[in-house]
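Novice: This structure is in structure tokens; I'll ask about it shortly.
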């Protein structure tokens, strides 16, 4: 109450910011007359003047009014578009590293030119991030005319580009590209073997278009570069036979033994999209697997040797019960292609991780592709937080303002519209069944069609869009379907969607980024005519002129009919996605309307609010086909959406907290890697490693401060001879001197190792040997880092079970991840020293050949895939690996062992400094290694 009273007097934080920016707008407008008088060359010359002032120490903030005024004038001359005052405010919000929420049609693409131009003056590069290649190319080509006029270079960073093209794109003042490509380039840059092979510069300033889609919707899915791992194709095929033989349990058993309506073998948790075997399910699965010869008679699925089988059991169960064809994926050309649940687009080339994709392939009887090993990964949260300054723009950010601030430190500012909005948002209508809902939707569409009003119908899945299309065909209503299957025709369909009587069905936000203009998009239609080579030039000109002549009357006709009408056939779990659909209508002060039609069968209502609403309908004895249309019900649905949003926020935040652990380690490894690449000579590093490793070896047999009776000299001599190629007569030294100490023995061994090393260097020359050492070091770091990532994945999958032991899973994960990381660093020292000490080189040519082979083996990765894969939710079993973690007793062992398992999964000999396989968390030499 007090807050509301104060807001009335002082205005909200948003209003105060906008008011503050309006003062700067006045300063920009005051410069307009002066800037207008400049010639094109003088206007272009302003860029060089600004650059010199920035180089001399003037801040970009001080330069802002002049730079914005110059950019606006250049836009007026080149693009024939002058920035409105509210667009100048939007530009300022972006420059100050905030998120600008601007309604659809308010010109976000044009707004971005202001802060992009200003920040490009520093010469450190600006990245403009979009959601797909089409928008990146469209915006870059469209705005390049403006930037080039002002003397700035523009690059486009698209997937599949050649290495040289990428380097040129990043070297430009302004680089347009997709979020995925920027992230993958960062990962690839940290896998190169020469500094000249990198493409990115330091991350300076990024403007993220559709920031909610990139930083919120896609934040649960890390970018993963992976290569093929061991083949388990046969196992997926055999495991695919299991789910149909298991039955779902309805209801959950309570403490008093009640609650189960129908006993079964597994339970589904639709909210967290997880599946769990019941006790009877475990017994049945074990019996069936024993019959098929996959486990021994009477063996438990939780036995350590069956851990991987549990992984396959749960992957198959999730594939059959939680992932449905034409909703979560489609089958195209014999391949399973994921459907983005937020945009409805096909995500070709992306694969679910952890064996889930292979399980779905087995279910659909298509060719099963090999499982992948993670080579490098990063989340969008951690990638975008590396930019010195980050800003974003979208039509719908206010509902997620708290998350933007909490995770990224980005404040959201709602920018006023240029003209007052006229869209009418009608109350939701709720029906008992899906059939009644679709009948009402068809009635509404028919009414609009007869009145000449264009309609955009939003659906949440490809399946629903095709069902509605079928119903419209039966009703004799002509329409277009815009979903992932019609991706290529997307721009053409959207261009026509604002014409009178146009009916367009769109999956979620397919077509986002392209305005629906009332009366049709003349520019788009003209572009299609221009691109058609079969039409003669004079005919093209006539048709384009005809389009312009017709558009005015069509525009007025649609406005008179009420503008674009939006129909939502289902509420999404996020209010923001619903608002995005509504936002397609009423652009730039145009009329428009929207309404959602729901049924009690919809997942959101069924899971969160169905029983309550159904009880109201039953009490009111509502006849079939009658709808509830009441504010209390709409508020109830919005309350359910808020709960889901809060839960999804917690998941993303928890994911970030877990990934922050890996991120700290990633930074250390990448920093060390970069130092290695840039160093001319790493002799000091190699020497320090060798001394540390030799000390560990000697101390194992001749402990520090011990007496001669405790020494095992013959074993030390054998270890040095076999593992390090050092043939030393230590026993003779001991026999000759009764007063020799453990430290003197260590000094003697270290000196011998140094002499052997120097002899190898002398044979081939310092420069050649240093290059070889660098190759060995990089290859070892990369290989052990990959194995460490696999270890972290396995550790993460089982860590939630620590909660049952009254331990904090997050703290346990941090502790064990640190232990694994320390063990990995120790293993790097051991491995590098072993290779350098054991290498037998006779000539510089042999050395170069060995270095080339090492580099080739590491850098030439066959069958590399770039995934934006579903990441396991923190605190819940991971995708497809729910039970990898179920063996609490072996979780430590699996996590530790995986860090050092070879590519084929075989366990090598345990090193002294490796974590002990017993799971104690101690080093082997301080645990069971001491006993042996």
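The chain as shown is numbered from 1 upward.
Any Cβ shown, glycine's included, is placed from N, Cα and C.
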Novice: Look at the ATP binding annotation in Swiss-Prot, where 105, 106, 107, 108, 109, 515 are given, and name the residue from 87, 525 listed for that site too.
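Specialist: Candidate listed by Swiss-Prot for the same site: 87.
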Novice: Just how many other Cβ atoms lie inside 10 Å of the Cβ on residue 108 (ATP binding site)?
Specialist: 24
Novice: Validating a neighbour-count step here. Other CB atoms within 10 A of the CB of residue 106 (ATP binding site): how many?
Specialist: 23
Novice: Rank the binding-site residues 87, 109 by the number of other Cβ atoms within 10 Å of each Cβ and report the first-ranked residue.
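Specialist: Neighbour-count leader: 87.
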Novice: Tell me the Cβ contacts of residue 107 (ATP binding site) under 8 Å, same chain only and six or more apart in sequence, or just say none.
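Specialist: The answer is 81, 83, 84, 87.
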Novice: So which of the binding-site residues is most packed in, judged by how many other Cβ atoms lie within 10 Å of its Cβ, out of 105, 515?
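Specialist: Answer returned by the neighbour count: 105.
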Novice: Can you list the residues of the same chain, besides 87, 105, 106, 107, 108, 109, 515, whose Cβ falls within 8 Å of the ATP site's Cβ centroid?
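Specialist: Here the non-site neighbours turn out to be 102, 104, 110, 111.
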Novice: Tell me whether residue 106 (ATP binding site) sits in a helix, a strand or coil according to DSSP.
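Specialist: DSSP call for residue 106 (ATP binding site): coil, neither helix nor strand.
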